[in-house]
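Engineer: Submitted below is the structure of interest, expressed as structure tokens.
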Amino acid sequence: MLSPISDKTFFLQVFGCQMNEHDSERIAGMLESLGAIQVPELEESEIVVFVTCCVREAADTRLMGQVASMKNVPLPQGSKLDKRIVCIGGCIGQRDGAKLMEKLPHVDVVFGTQNIDRLPRLIESVLVGKGHQAEVYEASEKFATDLPSKRVHTWAAWLPITSGCNNFCTYCIVPYVRGREKSRTIEDVAAEAQALVNDGVKEITLLGQNVNSYGRDLYGEPRFADVLRAVSATGVGRIRFATSHPKDLTDEVIALFGELPNLMPALHLPVQSGSDRVLKAMNRRYTAEHYLDLVRKVREANPDVALSTDIIVGFPGETEEDFQATANLVREVGYGQVFTFIYSKREGTPAAKMEDPTPREAIQRRFDELVDIVQEGAHEQNQRFTGRVLDVLVEGTSKRDEDVLAGRSPHNVTVHAPIPAGKTIDELEGTIVKVRIDESLTWYLSGEVVDAE
Ligand code: 5AD
Ligand code: SF4
């Protein structure tokens with residue numbers, strides 16, 4: 001029987017991390033396999049799906065605002081529905097469940113992080129008149145590997161290897177909304193990687209809240225290095241991974257940066273703070289010294305590795321001295337990119353109960369100071385690329401200039417170069433071109449294409 005979803009148009013709006021981006025690809029894949037049509041604008045849609053994030057308060061507030069304000073957007077002309085079907089999934093769906101419908105009565109479907117595979121059934125129930133549907137599972141038994149996926153780019157793919165997190169950093173809500181860590185088998189990961197390569201994918205990003213502890217639940221010990229070797233053996237052009245907890249980064253994985261030719265020289269290693277006192281209060285289970293030691297080892301294995309990190313400013317009780325320890329660590333490491341966040345209180349986490357006497361202005365000043373240090377550091381790091389010829393995977397054109405291509409170097413740095421004469425962006429997208437870097441700026445490098453694939 002034809003699904004009532006068939007021929008309906010849907011719009012997907014994603015907030016948050018790469019795991020959510022990937023879940024959205026699965027959602028789009030599932031809905032399209034039932035005959036629905038993805039549209040680029042809310043106004044054109046009969047079904048809207050929000051994949052949400054609650055890691056910081058700002059994402060929460062934005063979602064509530066967006067869902068509330070879209071209530072009056074009319075359905076597209078010709079639709080046979082009497083109202084647009086509004087679905088909220090992802091981390092806020094998981095956290096709030098049916099309660100969301102009390103705050104936002106025009107929401108029709110609530111689902112969580114553990115049951116995205118159920119979304120089509122829930123929408124179908126609404127379409128056949130069964131009323132609002134809210135369904136959130138505590139935890140799913142198995143990894144949803146067999147759902148269809150509609151990739152945003154044909155040449156790049158996310159490949160989840162674990163889901164959930166067991167670390168319980170005291171500020172973080174993720175373990176409560178993504179559940180305990182579950183790993184896929186190496187065979188399963190390798191098979192999906194091979195299928196992606198056969199499908200023409202050039203870059204695979206392995207995903208997990210902490211890829212370094214991959215396999216502990218399945219094999220009794222972390223086996224992330226084995227996953228990297230297995231994915232490398234498929235011959236895929238580029239391998240990346242995110243994200244990585246310093247306490248679980250092994251020497252074996254570090255060594256692979258010097259051994260696997262397709263493992264890209266880029267490592268995202270969230271440090272969160274440079275103060276041992278704060279790291280302890282965050283339950284991070286490493287010291288600044290241990291972190292710096294890891295950085296040294298990574299650079300020994302491959303001096304070209306570009307490092308990036310996440311930092312939280314204003315964790316409860318952070319003193320000026322603690323902050324200066326963070327600033328010093330950032331200067332010492334030399335990051336290519338730093339994602340800086342002001343601490344955001346999340347109900348239900350241990351840090352939400354901690355005293356916080358620091359005035360808001362002091363935290364903002366620390367944040368601004370850190371941003372300056374980060375910019376200086378990134379600019380300095382990028383100088384090493386000037387004069388080099390880098391392999392750039394073309395992703396499209398620069399936002400500001402249609403005649404300029406934009407792509408990523410192996411180090412995950414954005415590169416701009418004029419589109420060579422006689423070539424179009426459609427021909428170049430998804431291919432690797434060689435670019436000679438003439439100028440290295442803080443956020444991107446620019447140069448000339450010296451050879452197209
Ligand atoms: N407040 C601010 N930043 C947070 N992060 C996680 N939880 C919070 C919070 N409560 C940041 C961490 C993490 C990144 C994904 O988000 O730096 O690495
Ligand atoms: Fe959150 Fe810590 Fe788990 Fe990362 S490792 S998802 S910061 S609890």
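Backbone N, Cα and C define each Cβ position, glycine as well.
Annotations for this protein, taken from TrEMBL, read as follows:
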- 8-128: domain 'MTTase N-terminal' (DOMAIN)
- Cys17, Cys53, Cys91: [4Fe-4S] cluster 1 binding site (BINDING)
- 151-380: domain 'Radical SAM core' (DOMAIN)
- Cys165, Cys169, Cys172: [4Fe-4S] cluster 2 binding site (BINDING)
- 383-451: domain 'TRAM' (DOMAIN)
Engineer: Please list residues from the chain of Cys53 ([4Fe-4S] cluster 1 binding site) whose Cβ is under 8 angstroms from its Cβ, counting only those at least six apart in sequence.
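Structural biologist: Expected: Phe15, Gly16, Cys17, Asn20, Ala59, Leu63, Gly90, Cys91, Ile92.
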Engineer: Enter the number of other CB atoms within 10 angstroms of the CB of Cys169 ([4Fe-4S] cluster 2 binding site).
Structural biologist: 21
Engineer: What does DSSP call Cys169 ([4Fe-4S] cluster 2 binding site) in the simple three-state scheme?
Structural biologist: coil
Engineer: By Cβ count within 10 Å, point out the most packed of the binding-site residues listed: Cys17, Cys91, Cys165, Cys172.
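Structural biologist: Of Cys17, Cys91, Cys165, Cys172, the one with the most crowded Cβ is Cys91.
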Engineer: What does DSSP say about Cys91 ([4Fe-4S] cluster 1 binding site): helix, strand or coil?
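Structural biologist: DSSP call for Cys91 ([4Fe-4S] cluster 1 binding site): helix.
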Engineer: Excluding Cys17, Cys53, Cys91 themselves, which residues in that chain have a Cβ inside 8 Å of the centre of the Cβ atoms defining the [4Fe-4S] cluster 1 site?
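Structural biologist: Those within range, site residues removed, are Phe15, Gly16, Met19, Asn20, Thr52, Cys54, Val55, Ala59, Gly90, Val174, Val177.
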Engineer: I'd like to know which of the binding-site residues listed (Cys53, Cys91, Cys165, Cys172) lie near ligand 1, counting only a CB under 6 Å away.
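Structural biologist: Cβ < 6 Å from ligand 1, in sequence order: Cys172.
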Engineer: Taking the domain 'MTTase N-terminal' (8-128) alone, what is its mean pLDDT?
Structural biologist: 95
Engineer: Is any of Cys17, Cys165, Cys169 (binding-site residues) within Cβ reach of ligand 2, i.e. under 6 A, and which?
Structural biologist: Cys165, Cys169
